[in-house]
Structure formats: C-alpha cells, structure tokens
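Novice: My questions will all concern the structure given below.
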C-alpha cells in the first residue's frame, strides 16, 4: 500500500507507511476524523451566530439610526443601543411574607425560605393583573430573586400573562434581599440600632452585607441583564419589550439609586415599597443622559420620600420639620433653597407663611459642623 499524506488523514494520526493499517489504526483514524468534524461544526456554528448578530446589529444601526453630518458612527451605534433597550422595566416587591406578618419568624427560619402568606398570594395575583394591563401585547421577561417569597410572587404574576408573550423565567441571585447575617438572638436589635446610627447604606451587619454591598451587585445585574437583555436573544424570539423584576424593598431602592445617581443621603430618605407595589421605568429616548429611563407615575406607584430638616428663620426662630416628597426636589437637592422653601410653605403654611423669611436649612440633622 502506498504512502498516505497527512492531508489524506486530516493532518493528525499518521499511519505506518511500511505496513497496511490494522483495525485498531482504522478505528483511531475514524475517531480522529469524528473529533475534527465535531470541532469544525462547532466553529461553523459559532461563526454563523456571530455573523447573524453582526448582521442584525448592522441592520438596526443603518435601518433605524443613520449617521449624519452631525452624528458619527459611534454616536449612531450608541443611539441604536439605546433603542434596543426594553420599553419598560417593572420593579415589583414581593407579596406579604410570613416574616412581614411575624417578625420573630426570622429567629427560627432562614430568610431565603420565608414564604408568602395567603394575603401575599392574593396581592401577587392582583399585581399580575395590573401588570397584564401595563404590558399589553409586548414580549415579557420576568427576572426574580431566588428567595421563596419572590419566586412565589413571580409564579403568581406569570400565571396572569399569556404564555405566548413570555420568555423563560430568569432567576438571578443578585436580586436577592440584603444578607443580614445570623438573625438568631437578641443582638439583632442592637445591630438595627447601630444601622440607624451609621446609616442603612453604609452599615454592614456582622457576617452580612451593607447597603453598599447590595448596590454593587444590583449595578452589576443592571449592566449585565438589562442593558444587554436583547443582545443575545434566541433566534426567532422577539426582542424583550417589558422586563418584570420581582425583588425586595431595599433592592428596589438601590436599583433606583444606581439608575438615578442618588446620593446616600437621598437614598436614606426613600421609603420602603409596600408589598406588591410596582415602580414602572419607561424608556424615554429624548433623555440625553446615559440612562434613558424615567419613572412613570401613571402606570406605576410613586416612591415616597421624606427628610428631617432644621429650618432657620431670618428672625432667629428655628423649626424641626419633615419635608415630604423629597424626591420632587431636583438634584443637587441640598442646594435648592428656594424650591425647598416653597415646598415647606406649602406643607406647613402656619409655620412658614412667607417662604422668603427662611434664612437657611440644615439637611443633615446637625451632624456636620458646616451646616450648623
């Protein structure tokens, strides 16, 4: 038998040129060719997907956003990316849990295992009906924390939506509740007091997390699972237009904090959402900032906020008051003396009949010498 070149056997597993191949040699050659074929098919498949994605991106870029004399290619690509984002993000706090109904339960049951009460299940179903009206016929992706109370809330919401509109449910551990550490024992009350003194954003529970820790993981989740949610949709699947995020009260506030660039001081003024309250973020492409989302108060609930203020009058009087709707003050909030003064006059007309008589305001409760 004549000598065979490497090309004839795929460049691998050379045969003995001085003798006919044995059965073992042939079997080895077949296995080698099979491995090479699988590797080639895998490479072709990856290349095909990449080409499809590139073609899709180019189609969106040039069909929807065409570069002009005033817009560079990079700007057109960025605008195309913004337009590919979901039309709305719906943040939902879980329904009433066993722990909400009985706070002592946390001493005997792990936080991640706490379930919904009957009332919480009904709240979740009502939230699902409400969300059904909001999303209309759009393609919906539900993302949820892995805790039992959020999983149960997500399942009840999902049952209210048509199956043909739903992408597969996505469970993301980054959406979980803040880790409070070991809740057994009376020391937890002392930890809570320390948290109030230090601030919820900064205080880290022993063996647990701080609010800042949760902020970092939800920021990572937002970039990974919201900004790129439509980048790698399965072939034939419609782009996701509505994302429903079932999570926890603190996590919801920290999602809004990273999105709207709140300071820790502003974060501390925002109230916890009630069970199954929803905050709707609508895409608004006219926004020139990196974040094209705004809160929609018609489709969703309004986050409540308040701040304790010390108000000094020009006549020397001093008043301790709580300003409601602090989020209504435009940023930078602590420098909006005129706007805050008008809000105080509206909320406390007997104390502040003339807003112009307010001399200055301490937004930090006397904690900093500069503002005393």
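Placement of Cβ uses the backbone N, Cα and C atoms for every residue, glycine included.
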Novice: If I go by TrEMBL, which of 132, 149, 155 binds substrate at the same site as 93, 94, 95, 96, 97, 98, 99, 100?
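Specialist: Substrate site check in TrEMBL: besides 93, 94, 95, 96, 97, 98, 99, 100, the record includes 149 out of 132, 149, 155.
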Novice: With an 8 Å cut-off on Cβ-Cβ distance and a minimum sequence separation of at least 6, pull the same-chain contacts of residue 99 (substrate binding site), or say none.
Specialist: 105, 106, 109, 111, 114, 149
Novice: Do you know offhand how many angstrom separate residue 97 (substrate binding site) and residue 177 (active site, proton donor/acceptor) by C-alpha?
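Specialist: Rounded to a whole number, the Cα-Cα distance is 13 Å.
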Novice: Calculate the distance in Å between the alpha carbons (Cα) of residue 94 (active site, tele-phosphohistidine intermediate) and residue 177 (active site, proton donor/acceptor), and round it to a whole number.
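Specialist: With distance taken Cα to Cα, residue 177 (active site, proton donor/acceptor) is 11 Å from residue 94 (active site, tele-phosphohistidine intermediate).
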Novice: Around residue 177 (active site, proton donor/acceptor), which residues of its chain at least 6 apart sit with Cβ under 8 Å of its Cβ?
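Specialist: Expected: 111, 112, 145, 147, 248, 250, 251.
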